[in-house]
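Visitor: Below are the features listed in TrEMBL for this protein:
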- Leu105, Thr106, Phe133, Pro134, Ser135, Asp136, Asp218, His221, Tyr243, Trp274, Asn302: pyridoxal 5'-phosphate binding site (BINDING)
- Lys244: N6-(pyridoxal phosphate)lysine (MOD_RES)
Amino acid sequence: MQFKNTREFARSLDAQDKLISYKEEFIFPVINGKKVIYFTGNSLGLQPKRAQKYVNEIMNDWAGLAVEGHFKAEKPWWDYHERLTRPLAKVVGALPEEVTVMNTLTVNLHFLMVSFYRPTKRRFKIICEEKAFPSDQYMLASQVRFHGFDPKEAIVEIKKREGENFWRTEDVLKTIESTGDELALVLIGGVNYYNGQVFDMETITKAGKKAGAFVGWDLAHAAGNITLQLHDWDVDFAAWCSYKYMNSGPGNVSGIFVNKKYHGKKDIPRFEGWWGTKKETRFLMEPEFEPMPNAEAWQVSNAPVISFAPYLASLTLFDEVGMEALIAKRDLLTSYLEFVLKTIDDEIGINDVFEIITPPERGCQLSVFLHGQGKPLFDYLMENGVITDWREPNVIRLAPAPFYTSFEEMYEFGQILKKGILEN
Ligand SMILES: *Cc1c(COP(=O)(O)O)cnc(C)c1O
């Protein structure tokens, strides 16, 4: 398609967009009387209008039924989490029994490490990407120390090459191979939070397993953003938060994936609680733990249903639209944003203000290095109703979430950005 950097052209794309009506399903902050242009759905997704109704339903059931709500609410609390399983499994390409929702992301990674990081004297190393999201780094290092190993020795980071802004799959594969039978686990962020790169999860998973290791993925920036086929890729485990592209609300609960082959086992190391034991006998309060025959065996506590409610509301939207349609729009929208950036770069006439550091393997995020610009530009954008995210040294991350972002907003953003650069 031949793009044009005009309002008219952007509007024509909106007119053909089958998802444009979903913009109305979300609540936008307002700055100076105008709805913001929101680029930070990779950090905190917007609130779906229907979330409030789902939360109120629980508040009302709690008021009217109190403890009876566990079994007598219209959506009973004791098995509320089951309602999220089917739509969520579709988002991540899993069997419904391989998915559940519990706790928060870093907590879940720790819990899953109990099952999937079982180092021995010989096989104790973990491969991850360099400069992983800090919480993941702390989590991995503390797990390694907990098992009596030295993170400096046990954690093998895949480096980017000199002068490059992305990781090469061949470098990941080479490191897996050279680590060989010392490799216990591969755990990488499926989409890197900083440069927006999508890792080749299928190929890396296959290589890690061939080396005899477990392979897990942190899907914080992947869930609801890219195509995932966790079951078919034979991933061992994965976890993701729900407040980024999944629009479930600040700090909200995390989803987990545990491959079917580990289900129904009593002898797998796992930290257990009453929400993981068979529901048929759960309330008999017997001393013996009988694992649920699915990922729910990893659940520990009863579900904080007030948090689950907005996630369930959001999942009804994903279920209506489907990942395929979201991804089709995502690709067009992000390409258009890229085109707008390149066009205004030419129009500004200073050589190459924008350097897109996101490689072609990407979801909806573009990370852009701003040469010769600084924090004042970021502040200017904010004052002019554009919410972006600034990372040191000089990178803005732009994630136009396809659920609620229009093509016209990309055009509009380009105009504001150009003015901001020329005036700052
Ligand atoms: C957002 C994000 C987290 C956040 O973890 P919480 O436990 O939900 O605070 C962790 N890891 C990655 C890669 C992230 O992008």
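Heads up, the Cβ atoms here are built off N, Cα and C, so glycines get one too.
Note: TrEMBL annotation is automatic and uncurated.
Worth saying up front: this structure is predicted, and the values here are computed from it rather than measured.
Quick one: where do these features end up spatially?
Guide: Secondary structure from DSSP puts Leu105 (pyridoxal 5'-phosphate binding site) in a helix.
In the three-state DSSP assignment, the secondary structure recorded for Lys244 (N6-(pyridoxal phosphate)lysine) is coil.
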Visitor: What binding-site residues in Leu105, Phe133, Asp218, Tyr243 place CB under 6 Å from ligand 1?
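Guide: By the Cβ criterion, which requires under 6 Å to ligand 1, the hits are Leu105, Phe133, Asp218.
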Visitor: Would you mind reading off the Cα separation of Lys244 (N6-(pyridoxal phosphate)lysine) from Leu105 (pyridoxal 5'-phosphate binding site), to the nearest angstrom?
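Guide: Cα-Cα, rounded: 12 Å.
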Visitor: Which residues of the same chain, at least 6 positions away in sequence, have a Cβ lying under 8 Å from the Cβ of Phe133 (pyridoxal 5'-phosphate binding site)?
Guide: Gly189, Tyr193, Asp218, Ala220
Visitor: Quick one: what's DSSP say for Ser135 (pyridoxal 5'-phosphate binding site), helix, strand or coil?
Guide: helix
